[in-house]
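Copied from Swiss-Prot, the annotated features are:
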type	residues	note
BINDING	Asp487, Asp493	Mg(2+) binding site
DOMAIN	554-613	domain 'KH'
DOMAIN	623-691	domain 'S1 motif'
Amino acid sequence: MFEKPVVKTFQYGNHTVTLETGVIARQATAAVMVTMDDTAVFVSVVGKKEAVPGQDFFPLTVNYQERTYAAGKIPGGFFKREGRPSEGETLTARLIDRPIRPLFPEGFNNEVQVIATVVSVNPDVQPDIPTMIGTSAALAISGIPFNGPIGAARVGHIDGQLVLNPSNTELNASRLDLVVAGTESAVLMVESEADNLTEEEMLSAVVFGHDQQQAVIKAINEFAAEVATPSWNWVAPEANTALNEKVADLAEAKLVEAYKITEKMARYDRIHEIAAEVNAVILAEDPEADAKEIHTIFHDLEKTVVRRSIIAGNPRIDGREKDMVRALDVRTGVLPRTHGSSLFTRGETQALVTATLGTQRDAQIIDELTGEKKDYFLLHYNFPPYCVGETGFVGSPKRREIGHGKLAKRGIAAVMPSIDEFPYTVRVVSEITESNGSSSMASVCGTSLALMDAGVPIKASVAGIAMGLVKEGDDFVVLSDILGDEDHLGDMDFKVAGTSTGITALQMDIKIEGITKEIMQIALNQAQGARKHILSVMDQAISGARDDISEFAPRIHTMKISADKIKDVIGKGGAVIRALTEETGTTIEIEDDGTIKIAATEGAAAKEAIRRIQEITAEVEVGVIYTGKVARLADFGAFVTILPGKDGLVHISQIADKRVEKVSDYLTEGQEVQVKVLEIDRQGRVRLSMKEAVEKPVEAEAPAAEEE
């Protein structure tokens, strides 16, 4: 039934990788099953043979989905099936998209969809690297115009050594988690999180990963040669030379002047005016002219004007030199009732950032294929339409917002205290209130400030900076603190976050080939100078965590009880702890070792909860007089509650000095009485006396003061 499948197996570091096609999904344009030590991902590619007429963009969609059966699990929830993509799936989809998108040829606007499905998972092998390899292989055998293949590698830094594709276990001991993707000759994408590594160490890791992934590229080329799919007969559309010249004649000089307007919205208004004028003139002369084509040519002319000016050494769009950072304004404590807040403004980019402290119960539970884990540090990034002066839909976060939030979180993670050092769940929200480039790095700066304002003992201040590149032939200029236009019209988006001593996150997206190690070195060094400048300004506002947390934040009090007393504090069906939390207005968490954490915004509430827990867990002592309540009466005596959950018996002979005929003549239920503990037998039963308490009062000894 099946033709003989094509299988390619190769060694990749410590892992064996297998590429296979020809058996599954034969109606797709291309399909590959990639396996890496029991982690298997099925990747399909479908491309439409024709583009939608008049379409002036490339509709590439990448879907990445993890099936729970891959880990031998059944999905939770009512419907028991996978639903919308998780944050992790969204981030992996972006990781696949970013290095392949620049490799489709200019003018290719046919729709292409990549669907990657994780069908088997080894808990020690993350699926993202095999997915990127499988996507590259599927595109290579599809016949679709694609200037690949690409390779992908994860790089760790363990005991001073770079490690290729470290396992999940090894990553726990690594100071670096870096993913690099690229072609045979160039790096295209870097995504990383680091523990204060130097610029040299980061660059070495990027180069190491790119060198090692050549084995992947070689294997995919051999695999594609064996499959031998004919290439599509696609020809790039011919340039409309006459229209290009017409648009340039009408607009070039005006655009040169427009790009000298430093204020963003005024500049945009002028550019829109020029575009409208050009459109009107050309359509008046030729009503059959394509307005979309005019728009595309006009945009290309904008790009040419800006790039040519930068390469010539002229001041940038907003008048800065290549290595200048925009004006900074840093404020903390801007919102009175939040636990921590900051307003970070850099030029026309602004982030309003808040930090909220919660208990460990507020941690996010992440159910991944490789296992369940808790996340005590959350960072959410919001990009509302008003921040760029537009209207638009407001709803659940888009892929870009999830990606930017994750990047900012990577930048801060290295300086966060452990849950043992600071027993709070911390949620940071960055609201982008103005945007003109590098809002994710503004979020890093704002987060560092808000955390300090909230009293979170982070190890150091963290700042982020976005670098750009304009390269024409052998000439290039590296730009610090890029504007949105410079990002859009340039060749590289290079984001670096770190402290004064090292890098904590690096993200790089390159749109062209030919980025050399020298260019990356210049960008890293230039970013270091910019980062230190921003840190110096931030430190003037706040240079360390506040001495105390906000009065509106919950204060966590820790106490320890014997592990065998946990059941007493919880009570039957949770009745005791439920009553404690409701009556004291606190949140109480009990760990298996007997550690109890009590969170309360008011100190009195916490003290009351502690007092009641101490009562519940206290041990009855022989010879001590207690004030108790009569719980019930019997013919032979009375049961008295002396501590919560602890009753003792006052025998009828121990009620008074004289003979007692009837217990109810002396006691009633609910009556408070003084009793002395006479004995605790082997079964834990407590024998009490009222008459001994009256005759020979013995007070409980105060605990001896501890010596300092």
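Cβ atoms are placed via backbone N, Cα and C, with glycine included.
In the three-state DSSP scheme, Asp487 (Mg(2+) binding site) falls into the helix class. Mean model confidence for the domain 'S1 motif' (623-691) is a pLDDT of 88.
With DSSP classes pooled into helix, strand and coil, the tally for the domain 'S1 motif' (623-691) is 7 helix, 36 strand, 26 coil. Cβ neighbour count for Asp493 (Mg(2+) binding site) (all protein chains, 10 Å cutoff from its Cβ): 21.
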